Every structure is written in structure tokens, then in C-alpha cells.
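What Swiss-Prot lists as N-myristoyl glycine is G2. The active site, proton acceptor annotation in Swiss-Prot covers D201 and is backed by sequence analysis. Per Swiss-Prot, domain 'EF-hand 1' is recorded for 378-413. What Swiss-Prot records for D391, D393, D395, E402 is Ca(2+) 1 binding site. Among the features that Swiss-Prot reports, domain 'EF-hand 3' is placed at 450-485.
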Amino acid sequence: MGNCCRSPAAAAREDVKSSHFPASAGKKKPHQARNGGVGGGGGGGGGGGGGGGAGQKRLPVLGEEGCELIGGIDDKYALDRELGRGEFGVTYLCMDRDTKELLACKSISKRKLRTAVDVEDVRREVAIMRHLPKSASIVSLREACEDEGAVHLVMELCEGGELFDRIVARGHYTERAAANVTRTIVEVVQLCHRHGVIHRDLKPENFLFANKKENSPLKAIDFGLSIFFKPGEKFSEIVGSPYYMAPEVLKRNYGPEIDIWSAGVILYILLCGVPPFWAETEQGVAQAILRGNIDFKREPWPNVSENAKDLVRRMLEPDPKLRLTAKQVLEHPWLQNAKKAPNVPLGDIVKSRLKQFSRMNRFKRRALRVIADHLSAEEVEDIKEMFKAMDTDNDGIVSYEELKSGIAKFGSHLAESEVQMLIEAVDTNGKDALDYGEFLAVSLHLQRMANDEHLRRAFLFFDKDGNGYIEPEELREALVDDGAGDSMEVVNDILQEVDTDKDGKISYDEFVAMMKTGTDWRKASRHYSRGRFNSLSMKLIKDGSVKLVNE
């Protein structure tokens, strides 16, 4: 099956691990040649990214934000097992060679930093983590450094597991527990806002428990989409995860209030086990968010306290001017009296929903990373060349006229609907031009939606024997690789949801249906998310669902 069955783990190791894993346990690795770093061959980075060809020295990513490692990461840290992986890199358990302290090292492959946007995201993540004061609720950054092949963020180790997993594992889940979690999340938001930072991607997966103790602190771990802001400043870039996205994000006019909305979505899920705004498609999710109708009728809401429901309503207030601030949320009676909140179990239905939500996310995350991993350098390079050809005056942007002219030149490669989408992008962004990052994002969206090739590749990754079905053992092995634990219980829960014809295995059609139901495309690709939701926003603007106003 060739490259389509290449594990994301293998790809990540090729990009990152080979440049810094110790040759043998506990031993230092000899200094590597400067030009022999990871990704030296192929994978050019467009628009100022961290890429470079064979024999080329890669440009520094961190600059003043980090230190440069001449010999590689293992001069200072011994890296061990993989803890997780994302779009750009892999997180490893590591040990400080001097102090023997166990830490986590997030290694970001420079080869995957394809554009200036990617590089700036990493640089800003480090700057924000350094800017925020130390807090028991935020993972601490010990060091940021880079070598030839990767950027390494060495952080405090959190071994207590994800938020929902801990809740599901407990035999007794109550409003009181939900209130304690909510307080921690909103305290993180308050700290960020006080120090001029919007998180922009609050979701359960971005919170881990520090350890496995019952009283372990909950910590925010990911600031990859966070941004600095000044009072009154508004942003238009669409980022974040669909379920947790505030309506003003879709309207392209937002400020720090979006973090309260996202925290409100998490609270709603904590209390009932499902998102408040859900649909079969991304457009359906977006329209549900814009309608803002909150369901308090289904189980277990009749048994939830009025104070809890009042706080949910106020956090999910569609008008950001009327939405509670972090300070007001923390002063709300439900949180002020958290110790008096009902300690009666919310019921098995909530735990069951949370477990399903968590495990389906894990399966989708795995599949989406396979999709992201197989966006080839050639695909990106083709887009880059098209951009250069259209940018006839070489000013780094494609104007409306250049786009129209370029589309005529490249017309055979673009369907009419795709041409229209690109033109709409220019018409609605207010600049009458596309920079490379915008052009790339929209183009990636067009490529991915043009056919099911990427979904087929992801399916074949799981279908190891090529018989046309993902069988229980194949699914179990893939999820074990992804750190889900060697548990058939997880597999059976996923099968129960995805295997609609109940034949004990997952067909391609069942897999596609799962992937297209409320899928969180942010986990597939940051570029894809930006392109997809910018395109979706344009569509909603065009059909009148979204009104662009100066708020």
C-alpha cells in the first residue's frame, strides 16, 4: 500500500526523532553535522517558513525567544517514549541530564513549518508562555531551543491524563466536580486576559491533570493559537475548533470574549455530555452556533440546578458585549458556592456521553493526523508555484486583477466553483488581495475537498490487511500506538457508534460518515482549518446567515 499506509508515528520519527534520540539508553549521542539535520532533503517551506533543501542550513525559528543547540537536543536531555503527536511534531517524555528531572519535550519539525504563518505561530506560542506568570493551572515552559531539524519546547510533565478521561474513570460525577473544573478553566482565562492574551483554542483536550492523584491540579497545556491583544482590539482570523467557536469568530470581528464562550461550551459538555451546538456538517455546526439555541430539556438538564443553567446561559450569550467577563463568571453564585453545589451524580447518561465524546475524538484525531501527514511537499510546492506565477509584480500578494488573470492561465486546473471561492475570498477580506498564507489556506481547502483521496488514505492506514474493513484488532493496534492504552473496551465503544450495520467492523462508508459528522478539522491541519472555516464564513456571509457589522 506504499506511503498511504505509512504511520504518522513513522513520519514524525523521520522528521524529528532521528535527529535527537540517544543512540542507546542513557548515553550521549555524538554531535551531528550541521547540514545533516532532519528533513534536509525536500519539503521546501513557502512564504518564509522554516524549510530548506538538501545541504541548506535551515533558518532559525525562535530567534531571541530561544537558544540554539549546536549538537542536538540530547546534549541536554535524554528523550524516551512518545507521549503524543500533533500536526507539526511529537511530544516525548524526557529527562534533564543534569538534574534527572522528568519533563515533556514537544519537538516541532522545521520541515513541517511550511509558511511564515507556521513559524510565527511557534514563535508566538513561546513568547506567550514566557509572558504569562507562573500559575498552578498553566503548564510551565522550562526551555525553548532549536537544532538543525526541530524546535524543542521543554515543559513541565503532566501525567494525569485528559480532562474527560479522568471524569469518565471516576465512579461519582457531580455538579460539584463540574464546578471545580470550570473554575480552573476560567481562572486560566482570567489570567490570560489580565496579561493581554486571548487563548483562542479552549477545549477539553488542551487541559491535562498534572498527576494521577485525586487532588491533582488541572493545567492548560497548549497556547499554539493564542495571541497578544490590546484593549478594544479586534481580530478577524478564523481559528479554533468548531464546537467551541464563538459566533463573532464566524463574523470575523472578535476579542477576548471568545474565550468565555468556549469555556461555556466546555461547561455545557461537562454537565450533559454533548456539545450545545452540534450538526452533521461543519456548516450545520456554524449555523447552530449563530442561532444560539441552547437545549435545557433533554436529560440530565431537568435535574441540573438553576444556578448552573443560568451560568451556562450567561457564558453562551451571543452578544459579546453582554457576555460575562472572566471575573464575573468567577463571582457567579454557582462557582462562589461550588462546595455547596449538588453532590448527587448527574447520572450514567452523562458519563456515557463523555466517554463516547472523548473516545470518538481520539479515533478522529488519529485519522485526521494521517490525512495531515500525507499532504505532500509536492502539493504545497505546486500551490507555491501557482502563487508566484499569479503574482506578476512580485510584491508578495495576489491582487484581484492578478487572480482573475491567473485563473484564466491555470483555468484547466480549477473547477468553476473553486474559481468562485477564490474570488469570494478576495472580495470579502477587505484587502482586495491574497497574501501567500491566505492563498495556501484556501488552496489546501480546495484540494482536500475536491475528492475523497485523503479519507481513503486514512482508511487504508487502519485497514492493515487491505480487506476493505477496519477490524477490531486493527483499530486497537492503531489506538495503542496513539497512547490510548491496550483496551478493547475503547474499541468496542467506538464500534458501537461507528459500525451502523453491526457486522463487527467498520466499512469505508461508515468511516467516511464518522469523519464528516461534526469533524474537528483543526486537528487535521491548521492551514486546512483556516482555509475551510474562512470559506465557510464566506458562504454564510453570502447566504445572509452572517451579517458583517462594525460592533
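Each Cβ is built from the backbone N, Cα and C atoms, and glycine gets one as well.
Structure coloured by features recorded in Swiss-Prot.
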| residue | record | Cβ neighbours (10 Å) |
| --- | --- | --- |
| D201 | active site, proton acceptor | 21 |
| D391 | Ca(2+) 1 binding site | 21 |
| D393 | Ca(2+) 1 binding site | 9 |
| D395 | Ca(2+) 1 binding site | 11 |
| E402 | Ca(2+) 1 binding site | 20 |
Taking the centre of the Cβ atoms of D391, D393, D395, E402 as the Ca(2+) 1 site, the remaining residues of that chain with Cβ inside 8 Å are M390, T392, N394, G396, I397, V398, S399
DSSP, reduced to three states, assigns D201 (active site, proton acceptor) to coil
In three-state DSSP terms, D395 (Ca(2+) 1 binding site) is classed as coil
Rounded Cα distance in angstrom between E402 (Ca(2+) 1 binding site) and the residue listed as 'active site, proton acceptor' is 35
Taking every residue in the domain 'EF-hand 3' (450-485), the average pLDDT works out to 79
Between the C-alpha atoms of D391 (Ca(2+) 1 binding site) and D201 (active site, proton acceptor), the distance in angstrom, to the nearest integer, is 33
Expressed in Å to no decimal places, the gap between the Cα atoms of D201 (active site, proton acceptor) and D395 (Ca(2+) 1 binding site) is 33
